[in-house]
Amino acid sequence: MSHPSWLPPKSTGEPLGHVPARMETTHSFGNPSISVSTQQPPKKYAPVVAPKPKYNPYKQPGGEGDLLPPPPPPLEDPGTIPPGPGHFPPPPPLDEGAFKVQQGNPGGKTLEERRSSLDAEIDSLTSILADLECSSPYKPRPPQGSASSIASPPVSTPVTGHKRMVIPQQPPLTATKKSATKPQPAPQAAPIPVTPIGTLKPQPQPVPASYTTASTSSRPTFNVQVKSAQPSPHYMAGPSSGQIYGPGPRGYNNQPVPVSGQCPPPPTCVGTDYAYIPPSGHPPESGYGYTSNQGRYYEPYYAAGPSYGGRSEGDTAYGQQVQPNTWKREAAYAPPASGNQNHPGMYPVSGPKKTYITDPVSAPCAPPLQPKGGYPGPMGPPSIPPSFRPEDELEHLTKKMLYDMENPPADDYFGRCARCGENVVGEGTGCTAMDQVFHVDCFTCIVCDVKLRGQPFYAVEKKAYCEPCYINTLEQCSVCSKPIMERILRATGKAYHPHCFTCVMCHRSLDGIPFTVDACGLIHCIEDFHKKFAPRCSVCKEPIMPAPGQEETVRIVALDRDFHVHCYRCEDCGGLLSEGDNQGCYPLDGHILCKTCNSARIRVLTAKASTDL
């Protein structure tokens with residue numbers, strides 16, 4: 001920017017009165033198997049008991065103390081039925097001191113009669129299985145007479161062979177059948193003696209038991225209930241009124257398995273306070289299963305080796321010495337260790353297997369446990385896998401409880417407090433802010449320590465401030481002296497609110513608009529600055545400003561006066577003056593004249609002077 005300046009006249013060779021003009025240019029400013037159990041209508045068949053390989057079926061009577069299992073019901077002509085060939089292996093070596101079991105029915109039956117009864121029972125059960133497999137499991141069978149007698153072949157026709165039942169390999173279960181009778185006190189219950197037999201080597205692993213059947217004449221007939229065996233956790237009997245207990249090889253009271261139309265109560269897996277909740281299925285209908293109203297009957301289970309029924313290794317092996325009056329709780333069934341392992345005297349194992357009145361087989365792991373206080377401590381021993389003892393299970397639970405106490409579950413652990421460095425544990429004890437976890441007591445203002453949970457706060461460099469403390473840290477506007485809460489506009493080393501940064505002349509906001517500052521530090525827009533400080537034309541008296549769209553100011557300086565380009569004219573003729581020879585400025589007595597007008601004025605003045613002389 002240039003201020004107007006006047007130049008003195010020069011003494012040149014030009015004609016008198018010619019005034020040269022000077023033109024100046026000024027720059028402007030400038031974002032994650034249903035198990036179906038089908039019950040058939042009541043149908044009475046021959047009673048069957050659990051397989052008890054405690055006697056030798058080929059043992060001939062005659063020795064002292066050689067007693068046989070309970071005989072079947074008497075037949076009209078038992079001598080006409082010869083034994084079935086090839087159904088049993090050669091008898092093991094005899095051991096008179098192996099063990100003794102008392103006989104419940106000391107009737108004098110021959111071996112042929114018992115074999116005939118066994119053959120008849122096998123045929124009867126085979127026909128039942130064939131019927132059930134051929135018919136639809138969801139189609140009800142027509143009811144039959146409830147007083148049907150024991151199915152047996154005609155006594156006049158000898159039985160020469162048996163139909164072999166096809167038994168599946170998975171899951172291997174034993175055939176178990178229980179009868180119902182009146183429960184009697186333990187001292188009056190007479191165990192059934194069995195003839196001592198030879199000793200076999202204990203089997204280290206459980207194997208499927210053969211379908212050996214027997215019948216007793218002193219027990220009433222009962223219905224047959226068939227279930228499809230599905231893998232599921234152990235089912236153990238709970239204590240109930242009327243059940244009979246006897247001494248067992250374990251350290252706690254052995255509970256016989258109850259027999260009823262419904263599933264027995266589930267066992268405990270880890271202690272007396274938990275029980276397995278079985279999967280939901282079709283509950284047994286009334287009228288099915290056992291119809292005896294004489295109360296539950298608990299059949300004694302004689303000690304046997306681990307190869308029958310999946311007993312643990314701690315039980316007495318087959319052929320070892322046991323007490324005659326030993327009653328044993330029936331254990332849950334476990335699958336065999338090898339796929340096709342058969343015991344001598346068994347039927348071959350293949351295809352799907354079905355069993356009679358069997359508890360579900362044990363699964364490798366039990367479902368989640370739920371608290372249950374139905375069993376007292378000594379009356380409800382826990383059902384645990386064979387590899388765990390009760391002491392080991394208790395120690396395992398104790399260690400787990402201590403670990404859970406020292407290491408809370410992941411659901412209650414939220415992380416480490418960013419303020420104090422301690423763990424944030426428990427619902428309602430912590431909060432999350434600025435992508436960090438804090439204790440409720442630790443999440444406070446960094447200045448005044450007021451708690452900020454549920455309150456608005458301001459985060460500055462990972463530090464929390466309450467609103468008053470945050471406002472106090474803000475810069476103040478240079479115009480209104482108030483804290484700047486939003487966007488800050490900085491100019492000339494000062495902070496402004498965007499709406500406070502305005503021109504002092506027109507009071508228009510200069511946010512995003514070019515501006516300039518005068519010598520006093522006052523802010524002006526470009527237009528108002530030129531209006532206030534630009535030189536003014538000596539003709540029109542208006543400020544000389546840049547043309548629209550231009551950044552430079554063009555002015556003419558002559559006789560120390562400033563002119564707009566369009567205002568620089570001859571005062572007499574009004575002709576536009578320029579730097580040309582004939583268009584130059586020839587001032588006369590302070591007037592801006594062209595050469596012609598200047599000459600005319602000079603002649604007039606000369607003539608007047610001559611007249612005066």
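If you go along the chain as it appears here, the first residue is 1 and each next one adds 1.
Quick reminder: no glycine exception, Cβ is built from N, Cα and C everywhere.
The compositional bias 'Polar residues' annotation in Swiss-Prot covers 26-40 (among others).
Annotated compositional bias 'Low complexity' per Swiss-Prot: 41-55 (among others), in sequence order.
Marked as compositional bias 'Pro residues' by Swiss-Prot: 68-94 (among others).
The feature N6-acetyllysine is assigned by Swiss-Prot to K109, with a large-scale study or a structure entry given as support.
The phosphoserine feature in Swiss-Prot is assigned to S117 (among others); the stated evidence is similarity to another entry. For S117 (phosphoserine), other Cβ atoms within 10 Å of its Cβ number 25.
Taken from Swiss-Prot, the feature phosphoserine applies to S152 (among others), supported by similarity to another entry.
Here Swiss-Prot flags 174-183 (among others) as compositional bias 'Low complexity'.
For 184-194 (among others), the entry in Swiss-Prot reads compositional bias 'Pro residues'.
Summarising the annotation, Swiss-Prot assigns compositional bias 'Polar residues' to 210-231 (among others).
Each residue in the domain 'LIM zinc-binding 3' (536-604) has a pLDDT score, and their mean in this model is 86. Per Swiss-Prot, the feature domain 'LIM zinc-binding 3' maps to 536-604.
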Three-state composition of the domain 'LIM zinc-binding 3' (536-604), taking helix and strand from DSSP: 13 helix, 17 strand, 39 coil
Message: Going by DSSP, is S117 (phosphoserine) sitting in a helix, a strand, or coil?
response: helix
